Amino acid sequence: MATDNHAARTWPPKHDAPDARPVDARKPRKMTSNLAGRAWKALVWGLMAFFLLNVMLLIATVAVNSIATRWFGTPLPQGFTLHWYAKAWEDFQLASVLWVTVEVVGAVVLLSIALGVPAAYALARVQFRGKRFALLVFLLPLMVPPVTYGIPMATVMYKVGLAGTLPGVILANLVPALPFVILVMTPFIEQIDPNLESAARIFGANTWRYFRYVLLPLLVPGMLAAGLLVLVRTIGMFELTFFTAGPSTQTLVVALYYAVFSTGVRAPQSIDAMAMIYMAITLVWVVIALQFVSPTQLVSRVKQERQ
């Protein structure tokens, strides 16, 4: 009986050694994969940190040189002054350049919103044959480099006398701005319930009242986001403005380009001051625009339209 009880207590038999072997065999593979993943993450973060450090050092160098009295052959500037900003304002006629930039950007934003919102509404609501092809044609200026259509467009403008004029510069910048508004506004309009229009009609609202009191308040966030993005894009649009602008219709980015090539004539500090002015204006509007729209949404939207 004692033997039977001892056998009952030890049943089922234990197999510790065979179970431990597979677990120990899997540990090296798991450790190797973890080490590889950590090494890859460290490499990616290291490259990003190296890139950001170089960009920050470059911007810091330009910023310090724009307020330095003299910085050549020494680790630190010999002194600091804001004289170069006043010099850049006078030498490069920044008052007139900024006014032209405001005129071009304001006109492009207003025209692109006025023309792009109805086009986006039609593409979002109306179903017709060739709709995807039409949308692809609208978005084509966003998918190809501006140089590919900028040179032929500038050639036509020179032939008809629009090149070098303010309307010509506005028209050139409107070509990529209008598809941008359509790209941003189409998802906003698609999210609006079409039954709202039917309900408004039932309660006696005409087309204007429906647009004024129902549709427009829903479109305002999208219009604001599209307008800010077009504003930032137009400020930085160099190619099309460079091809079509004249001496009196240069925007800030084109004036900065010409300033860089006048290094032997004007002080480098004044050129750096002008670059800091352009950088500050662009950065402020980029930060404001990112509060209303995410770049990842635009990228996913472009991918959907290409499929």
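Numbering starts at 1 and runs along the chain as it is shown here.
Glycine is treated like the rest: Cβ placed from N, Cα and C.
Feature list (source: TrEMBL):
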| type | residues | note |
| --- | --- | --- |
| REGION | 1-28 | region 'Disordered' |
| COMPBIAS | 13-26 | compositional bias 'Basic and acidic residues' |
| TRANSMEM | 39-72 | transmembrane segment |
| TRANSMEM | 92-121 | transmembrane segment |
| DOMAIN | 98-289 | domain 'ABC transmembrane type-1' |
| TRANSMEM | 133-158 | transmembrane segment |
| TRANSMEM | 170-189 | transmembrane segment |
| TRANSMEM | 210-235 | transmembrane segment |
| TRANSMEM | 241-261 | transmembrane segment |
| TRANSMEM | 273-293 | transmembrane segment |
Surrounding residues of the transmembrane segment (39-72) on its own chain - C-beta under 8 Å, 6+ positions past either end: 78-85, 268-269, 272-273, 275-276, 279
Contact ranking winner - 92-121, 170-189, 210-235, 241-261 against the transmembrane segment (273-293), Cβ under 8 Å: 210-235
